[in-house]
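The structure under discussion is supplied below as structure tokens; questions concerning it will follow.
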Amino acid sequence: MEKLILGLDPGLAVLGFGLIKCIYNSKTEKIDSTSLVDFGVIKTTKKQEMGQRLVTIYEDLHTILNNFKPDLAATEKLFFYRMGNTILVAQARGILILALAQNEIPLIEFTPAQIKQAVTGYGNADKYDVQQAVARELNLEEIPKPDDAADALAVALTASWLN
């Protein structure tokens, strides 16, 4: 069985996405192979009005969903850490939840510690350790750039293992 998993790292200025394909053994339901399909970012600028920034995120994400038709999406749970930044991330997150719901794509969420633990084996791993693990798991010669895309791939890998 084949499954396309979309990992998302929400942000208003930069929203990272990473898409992986997992092939599961039909008898054991364990993963036989995982491969990179695509990754990148959706960017907006402070010069754009808020509504236009959200429209950009929605339209670009909608294009990704239509082009790839993922079976599952995953993202990091939103935690309150800085009021202004949390509100901006929450707005972008609302747009991605809407786009996924409209396309009937299930969404699962993980804490940062769950993602770090799944990808590196250590819940307090730093960003570089996570990025190296992503490159290793997907047989990439280099760490995916930018960081937001690498983070999204870490979320997708976590979903493939924990879902």
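Keep in mind that glycine also has a Cβ here, set from the backbone N, Cα and C atoms.
Quick paste from Swiss-Prot:
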- D9, D148: Mg(2+) 1 binding site (BINDING)
- D9: active site (ACT_SITE)
- E76: Mg(2+) 2 binding site (BINDING)
- E76: active site (ACT_SITE)
- D148: active site (ACT_SITE)
Taking only the Cα atoms, work out how far D9 (Mg(2+) 1 binding site) lies from E76 (Mg(2+) 2 binding site), in Å, as a whole number.
7
Tell me the Cβ contacts of D148 (Mg(2+) 1 binding site) under 8 Å, same chain only and six or more apart in sequence, or just say none.
D9, G11, V14, L15, G16, V41
What is the Cβ neighbour count of D9 (Mg(2+) 1 binding site) at a 10 Å cut-off, with all protein chains included?
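Around D9 (Mg(2+) 1 binding site), other Cβ atoms within 10 Å: 25.
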Inside 10 Å of the Cβ of E76 (Mg(2+) 2 binding site), count up the other Cβ atoms and send me the figure.
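E76 (Mg(2+) 2 binding site): 22 neighbouring Cβ atoms within 10 Å.
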